[in-house]
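S.K.: Sharing a structure below in structure tokens format, with a few things to ask.
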Amino acid sequence: MKKQTREIIERVYHHQRKRIITITIILCIILCILMALSMMLGNTFYSLNTVIQSLLYENIPGASFTVNTLRFPRMLAGVFCGIAFGMAGNTFQKMLGNPLASPDIIGVTSGASTVAVFCILILHWSGNAVSIGAILGGMLVAFLIYRLSQGIGSNNGRMILIGLGFQAFLQAVISYIILRAAQYDVANALRWLSGSLNNVTIEEAVRIVIVVIFMGSSLVYLSRRLMLLQLGEDFATTLGLNIQRTKLLLIVNAIILSAVATSISGPIAAVSFLSGPIITRICKGNQANMLQAGLMGAILVLAGDLVAQNLLPARYPVGIITGILGAPYLLLMLFRMNHKGG
Amino acid sequence: MRKKNVYFLFVILSLCLIVVSALSILYGSKSVDMETLFDALFTNKESFSISVVQARIPRTLFGILAGASLGVSGCLMQSITRNPIADPSILGINTGASLFVVVGIAFFSISSPSQYIWLGFTGAILTAILVYGIASVGQSGATPIKLALAGAATSMALMSLVNTIMLPNSQVMDSFRFWQTGSIGGAKWNMILVLLPYFILGLLLSFYLSSSLNTLALGDELATSLGINSKKVRAMAAFAGVLLCGATTALAGPIAFVGLMVPHIMRLLIGSNMHYLLPLSALGGSILLLGADIIGRVIASPAELEVGIITAILGAPVFIYIVRKVKIRSL
Amino acid sequence: MTDCLYAEHLSSGYGNHTIVKDVDLVLPEHKISVIIGSNGCGKSTLLKTLCKLVLPSNGAVYLNNKDIHKYPSKALAKNLGLMPQSPIVPEGITVADLVARGRFPYRQPLKGMSKEDYQIVSEAMDMMGISDLADRCVDELSGGQRQRVWLALALAQDTDILLLDEPTTFLDISYQIEILDLLTELNQKKGTTIAMVLHDINLSARYADYIFAISNGKLLAHGTPEEIINEEIIREVYGLNSKIIKDPITQRPMIIPIGKCK
């Protein structure tokens, strides 16, 4: 073998890795800036200094309550729900091999939010019970989608379509529950239909942080296997991958992430759907980019929330802003296709 | 399927429609009896019950028109895309129509139903083009799965826009629910009059095209060699389909799955001849929509559940059934 | 030490439908074997059963006297590789990335590529003549180039036995020869045992050291090309009347089809 060959190839790999590391660092910096901004901005502006002081040391009259009790849990929940949605979406999209097949489109998130809505509005539960209910709801829907798509020449495509059916069904059920629960409370309805960070408590924020640490790291651990799945089941099996177990692990982790996040913030629209594809476009190549997709999710949620809270005439729930981002993304896809000439 | 059986089915469905219409007028949070119905229809008596009936008549008529439009529209879309799961709601076209009307109301203070229709129609066409375009990205063209996903994603994005516009406009807020999930509760006589010309135009156009569509089902190449201008036929059928669902959505909001369920049930009963399928889908659509509307009034009594919620709950299992059953080429 | 793959009383299929029926076979070590048979006779299913993709309904496949289903997945993957008929090209993947995926069974979780990984990936790409394409997107490549990339992936897996399911389909004649020449080179240089399904009888006769003829799920005959490619067996396997002549270049048997058996 020529010696250059190896040099060329190592250079290709190093180049790719360097690119991804740079991107990750940039994402982290953007996220930090957004975190700081969302602690500083609001009805009253507090300087970074005040924010840090009231978080770490002293009780500053006025600032401490706003910063520690209102803004901090909101920011924390925004970051970690974003990571959860971003990672869960990325996992499903890569696993099903379709950039549109994220859990918020194929019914899994709706399963979680249906149960969450039911527990909160009808049973008046709160706290961990709701999260567990939401996880079970998401799992049940995923299981049903899986079962219904088996045994009929099963393939990913059919699974996605059945998921779309569940999505439509569950959205209708959510509307029904909201309508029956009380008088039609629009703010509440929007929270459960498009997601919002209003009234997040510190307990809820801590819950999502813990879930993200555990499930998120297992997804990062599983990413190499996820990428192997993309070669098709035959190739993946002969390369020594246990397909069924890998898929099960991926699905369970992704569902727990998105279900717990949903039980806290509602299904923040389009974050799952957008994070993965944006990161894939930026990073190029074909990597799992699990961590990066999570960061992107957090950036989308925080940026959306900042815009929704500060820049618009009315205070919108964050999900409406992120949901709108879906439209330009789809247009961009269309534009790219025309550019390529069909 | 023999002709005799088709006529038999036609008669049965017509009878069903009459029964459902009668039920739709009689039942609700305040039920009335047959006598009152006849009084309301044929005499000049006045009472509370009679005025209830009189309010329900336009709603029922509107439901018949809307259901028939959606049924025919779904039938056309399934035929021209050769896609068993095409439906104005799955393709996101209804949401597009909804968005345009909401924009018109909020920013251009449009308030007459005839203007709604034009907006709804424009929105429906643009969304149809957008969704079809997005789904055509990639190698295998617009497969059923890509169309459905593109429709769902577009719907989500457009619904967010609808919500954004609705939220700060309290005067529009009253009709918020109606734009989110379709309802025929607010139907008035003037809406029926506005809808009627578009309804008739769309229906006539689709009946006129039915034999061409039958030929087109054999494949573009064969159809062309049989003397059909397949592009023109497809464009005209798409126009008729979008006209029907756009006009309906502009007045009733997005109503899901009627266009999916009805043509499939009819196809199971009489096969895929468009000559019979189109009129029967129209009848079936009316029956389904009125039936769903009645269910919504009965189970949520004394309040009402929008018909769009009921059709989604009924339609989603049917959708899943179709996906499981139909052999979908190259997903 | 080399690996020896054999099957005993092997039956398999999908659901209740048995396709491969009671096959006994031993893959000759360090040789190129070709499995031939008519459409739908079960040759692909047989190949997939040999590498664990299809579960045997009866009998078993053994690698070094141990049932392949008793191996841990990764351990088996270090010994037995497969190139499927139509692998999926992940979107936007580069050649270097795709080939490196073949190292999966050897890599430690969360760690980068080791020195050895780089060495073997580079060798595989060099051998397939695709090192210039390393940073290109696989989507942009021609059919023949793509096939070489897939082969490089299978090579990076570094197994002693390599199974291939119709590696020459969708390729024109020059690429078919190119791929088969590469496989021969691999077999000669590294002693890899190769077994593949091929449709073209003449190419099979030309490149195979050993041929397995399958008919209706059963192993009808096996032996060297000279033993197998004769008018009688061709008639039984394909239902085809033919005349066998000697290839003037390689002296291997060559088939001239005459017509379908009446």
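Yeah, the Cβs are placed from backbone N, Cα and C, and that goes for glycine too.
Below, the features straight out of TrEMBL:
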type	residues	note
TRANSMEM	B:7-27	transmembrane segment
TRANSMEM	B:57-77	transmembrane segment
TRANSMEM	B:89-110	transmembrane segment
TRANSMEM	B:116-135	transmembrane segment
TRANSMEM	B:147-167	transmembrane segment
TRANSMEM	B:187-209	transmembrane segment
TRANSMEM	B:235-262	transmembrane segment
TRANSMEM	B:274-295	transmembrane segment
TRANSMEM	B:307-324	transmembrane segment
S.K.: Which of B:57-77, B:274-295, B:307-324 has the most Cβ pairs closer than 8 Å to the transmembrane segment (B:235-262)?
M.R.: B:57-77
S.K.: Between the transmembrane segment (B:147-167) and the transmembrane segment (B:89-110), are there three or more CB pairs that fall under 8 A, provided the residues in each pair are separated by 6 or more in sequence?
M.R.: yes
S.K.: The transmembrane segment (B:116-135) and the transmembrane segment (B:187-209): do they have three or more Cβ pairs under 8 Å, with pairs 6 or more apart in sequence?
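M.R.: Answer yes, regions in contact.
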S.K.: Would you confirm whether the transmembrane segment (B:57-77) and the transmembrane segment (B:7-27) meet the contact rule of 3 or more C-beta pairs below 8 angstroms, pairs 6 or more apart in sequence?
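M.R.: Touching, yes - the transmembrane segment (B:57-77) and the transmembrane segment (B:7-27) meet the threshold of 3 or more Cβ pairs under 8 Å.
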S.K.: Using a Cβ cut-off under 8 Å, which residues of the same chain at least 6 positions beyond either end of the transmembrane segment (B:274-295) come close to it?
M.R.: 1, 6, 9-10, 13-14, 16-17, 20-21, 23-24, 27, 59-60, 63-72, 74-76, 79, 184, 203, 206-207, 210-211, 213-214, 217, 255, 258-259, 261-263, 265-267, 305, 307, 310-311, 314
